[in-house]
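In what follows, a structure is listed as structure tokens, so that the remarks can point back to it.
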């Protein structure tokens, strides 16, 4: 009965998240590009064999991501993995239509096998408050230990709390007590490359050839066509979408690879690894017994010392 309830809760949460995501694509396409959803669509696992999280394939700029995970947790317990995605307040970026939009954030937490998103009935009031407005989803049905979040408004979600449930080795022999690794990624802002490999408008555009800029055509939608004439008189046209600002003008001489625009990107992706120890209750009991034993030994030594001092004093030594 409990498993059925958990499945219903998971499916309901996923359904709500899907509705929100589809709505965001339909009504706000300019702010919903290259977040964890795209990784789901294109990669079986969000982490490559090299250790790189695949979000970095679209988000080329590097920015710090911070994680707070408890040093150790008990079996079958709920704990918080906090992902911090820092950036300057009220920072704006360019959307797909070239307008300024607020940054959004996304995060992925790859938990060890056996660890998973804690069911909502086990969330504390504090966790419920900290996760209000945040929708979690599993990377896939087969990978319930990989949790993704986003896109979310960045200014109010620079810290994302993931409620995690640890496994219980006493009831499932597949899992063991010991040290485990977590792989965490956090992103702010749009990507520079689409999953197809095409550039977005959130990147520096460069010249593919050397020569002189013959002319620059401004298109109706605000984009540009930069016409470059090489030494043989051949014209190469570079398309620059709306958004980035041109830093060249007609008659400028340029080389292949030179930038034609500024760098409009203000966001970036960061990843890190963390460790957590799944603590055996017997080890905890053993440590407590050890410390009690050490304490008693010290007390006995002090008492023995005082007894010796009394004997010596009585004998006039």
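Glycine residues also receive a Cβ, built from the backbone N, Cα and C atoms like all the rest.
Per Swiss-Prot, signal peptide is recorded for 1-34. Annotation comment: Swiss-Prot describes 35, 55, 58, 59 as heme binding site, evidence class sequence analysis. The transmembrane segment annotation in Swiss-Prot covers 284-304.
Sequence features, as recorded in Swiss-Prot, placed on the structure.
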{"residue": "55", "record": "heme binding site", "Cβ neighbours (10 Å)": "27"}
{"residue": "58", "record": "heme binding site", "Cβ neighbours (10 Å)": "22"}
{"residue": "59", "record": "heme binding site", "Cβ neighbours (10 Å)": "27"}
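When secondary structure is read from DSSP and collapsed to three states, residue 55 (heme binding site) falls in the helix class.
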